[in-house]
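Positions annotated as transmembrane segment by TrEMBL: 21-46, 228-248, 255-273, 311-332, 352-376, 449-476, 497-519, 597-618, 639-659.
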C-alpha cells in the first residue's frame with residue numbers, strides 16, 4: 001500500500017558497514033556557504049563599529065566616553081529640549097529633533113537660560129554651572145536670549161536628571177501619589193511658560209517604569225550573585241533525578257502507564273456519575289426541563305447548569321469518551337504492550353551506552369557558537385553605516401529641513417541665511433555605497449545561515465544518537481556484540497559520510513522557518529491596518545507553515561535515523577522512513593502518545609520535585625539548612641531559575657531517551673520486515689519484545705543473549 005516492496009541486503013549486520021558519501025553536492029554547497037558566512041562576518045567586522053551600540057552619539061557624530069577624544073570624560077548624553085522627544089524609543093534611537101551633547105554628569109537642579117543670564121554678573125557660579133551644558137566653547141552670556149535659543153548654543157532650561165542607558169532622563173519620583181521632579185510639580189521651560197511635570201512624563205513616556213525596572217534588575221543580579229552556588233546544586237539534583245527516572249522507567253514504564261490509564265478511566269467514570277446525580281437532582285425543579293433552544297444564548301453560563309438537558313449532554317459525551325478509551329485498550333492492547341516494551345528497551349540501551357546522556361552538551365555548545373556568531377555579525381552589520389547628517393531647522397517652513405548635509409561645509413551654504421538657526425546635526429548611521437544598500441540583504445542572509453547551522457547542529461545530534469542506538473539494536477548478542485565506543489563512531493560516520501544529507505534536511509527546514517519569520521514580521525507590521533482579508537490570509541499562511549514545519553521535523557528526524565542505519569542519501573531515507581511509518585501507523589501513534597506521556601510525567605516530576613525542595617530551602621523551612629540560606633531580595637529569583645533549569649535539564653536527558661525509543665522503533669519495524677525468526681533470518685530484537693509478538697522462538701544463541 002505504501003511504496004513498493006523493498007529489497008533487503010542479506011548481509012546487513014548493522015549500521016557500520018558499506019558506507020559512502022551521500023548528497024555530495026549539498027555538502028559542497030554547505031561548505032561554500034559556511035566560508036561565505038565567515039567572509040560576511042569579516043566584512044561586517046571591517047565596516048562595523050560596535051561602539052555605536054556601546055556609546056551614545058552626540059549631534060556632531062562623536063561618541064560620548066570614547067577614549068583619546070575630547071569626550072573621554074563625558075560619558076552621558078544630554079538633550080537640550082527633552083520636550084521635543086516623543087517617546088523613549090525615539091530617545092534610544094537617537095532621532096530626537098533637538099541638539100544632543102556629551103556631558104560628564106546630568107544636571108541636578110532646575111534652571112533656565114533667561115534667569116542665569118540675568119544674574120551672571122553677581123552670581124557667576126550659576127553661569128559656570130549652566131555653561132557646562134552649552135555647546136563646547138560657548139561663553140557669551142551677553143548674546144541675546146532669542147539668538148542663543150535660535151542657534152541652540154545653550155538649552156533653554158535644565159532639569160534634575162539621572163543617567164539611564166548613558167542618557168540624561170528626568171529624575172521622576174512620586175510623592176503622595178503625585179508625579180514630581182525634585183519634589184516639584186511644575187517647572188519653567190525657559191521660554192516664558194510654566195509647565196507641569198506631567199509634560200516631561202509624556203515626553204519620556206515609560207521611562208519611570210524602566211528606571212524602576214533597573215532597580216529591580218540590580219536586586220535580581222545581587223540575588224544571583226549570592227545564590228548561584230545553591231542554584232547549581234539544585235540543577236545537579238535535577239540531573240540525578242533525571243537519571244534515576246530513566247533507570248526506574250526500565251522497570252516501571254508499564255506500571256506508570258496503566259496507573260495513568262485507569263486513573264483517567266476512574267475520573268471519567270466519576271464525571272458520568274456526577275452528571276447523572278445532577279440530572280436526577282434537578283428532576284421536578286421548575287424550569288429545569290427547559291431546553292437550550294428555549295432559553296437561547298446567555299452570557300451567564302451558570303444558567304445552562306440549571307438545565308437537565310445540559311447534564312444529560314455532558315453524561316452522553318463522557319460515556320462516549322469512556323467507551324472509546326475502553327475499546328482502544330481492548331483492540332490496541334498488544335500495540336500498547338509493544339510500546340511499553342520499547343520504552344523499557346530504550347532504558348536498557350541507554351544503560352549500555354551511558355555516554356549518550358551527555359551528548360546534548362555537544363549540541364548545546366554548537367548552538368551556542370551559532371547564536372554568538374550570528375549575534376556578533378548582526379551587531380557589526382547594524383553598525384556598518386557611516387554618520388549621516390541632516391539639516392535641523394527651527395522653522396517649520398524651511399525647505400531644507402531633514403535634507404542631508406556636510407557639517408564641514410554647511411556654514412558656507414545659503415541654508416543658514418534662508419533658515420536662520422538651522423544646524424547640520426548627526427541623524428543616524430547609514431550610507432549610499434553598494435555595501436550599505438545591501439545591509440538588509442546581508443542581515444537576511446545572516447539570519448538564514450544561522451537557522452541552517454542551528455538545524456544542522458540538531459540534525460547532527462539526532463543522527464549521532466540514532467547511529468549509537470541502532471548499533472545497540474542490531475547487535476545480535478547484547479551487550480557482547482555492541483561495538484566499542486558506539487557514540488564516537490556514530491559521530492565520526494555522520495560527519496565523514498553524511499554531512500551533505502544532514503545539511504540537505506536542515507536546509508529545507510531553515511527555508512520554512514525563514515518564511516515563518518518573514519510572515520511574523522509582516523503580521524507585526526500589519527497589526528494596525530483594517531484590512532481583515534489580509535490579516536485572515538496571513539493567519540492562514542502562518543498556520544499552514546507552522547504545520548509544515550512540524551511535519552518536516554518529524555520526517556527529518558526519522559530520515560536521520562534511516563541515514564544512521566543504512567547510510568543512504570536524504571531523499572531515499574526520508575521516503576523509506578515515511579513509508580515504513582505509514583505501514584505501522586497505528587504502532588507509531590500508540591508509541592508516540594505513550595512516550596510523550598511518560599516523558600512529560602518525568603519532566604513534571606523532576607522540575608516539580610526540585611522546585612518544592614528549592615522552595616522549602618530558600619524560604620528557610622528546612623531547619624537543618626536554615627543557617628545556610630543566603631539573604632535574598634526576592635527568593636523567587638533562584639526558585640524560578642532552579643525550576644526552569646531543572647525542566648531544561650530533564651528535557652535534555654529525556655530528548656536522548658525519546659530519540660532512543662524512536663530509533664529502536666524504526667529498527668524494530670525493519671527487523672519485522674527483514675527477518676522471520678528462522679535460523680537463516682533470525683530476529684535482532686530482544687527476548688522481551690519477541691515474547692510480546694508471540695512468534696517463533698528465538699534461536700538458542702539469541703535466547704541466551
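Just so you know, glycine gets a Cβ as well, placed from its N, Cα and C.
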Chain residues in Cβ proximity to the transmembrane segment (352-376) (below 8 Å; excluding those fewer than six residues from its ends, i.e. six or more beyond): 37, 41, 243, 246, 446-447, 450, 453-454, 457-458, 460-461, 464-465, 468-469, 472, 478-479, 482, 486-488, 652-653, 655-656, 660
Contact between the transmembrane segment (597-618) and the transmembrane segment (255-273) (at least 3 Cβ pairs under 8 Å, separation 6+): yes
Within-chain partners of the transmembrane segment (639-659) [C-beta distance under 8 Å, separation at least 6 from its ends]: 224, 231, 234-235, 237-239, 241-243, 245-246, 249, 346-347, 350, 356-357, 359-360, 364, 462, 465-466, 469, 557, 595, 599, 602-603, 606-607, 610-611, 614-615, 618
Per Cβ pairs under 8 Å, the stretch of 21-46, 228-248, 255-273, 449-476 packing most closely against the transmembrane segment (497-519): 21-46
Outside the transmembrane segment (449-476), six or more residues from its ends: residues with CB under 8 Å to it: 13-16, 30, 33-34, 37, 346, 349, 352-353, 356, 359-360, 362-363, 366-367, 370-371, 373-374, 482-483, 486-487, 489-491, 493-495, 498, 502-503, 505-507, 509-510, 513-514, 556-557, 560-561, 563-565, 656, 659-660, 662-664, 667-668, 671, 682, 684-685, 701-702, 705
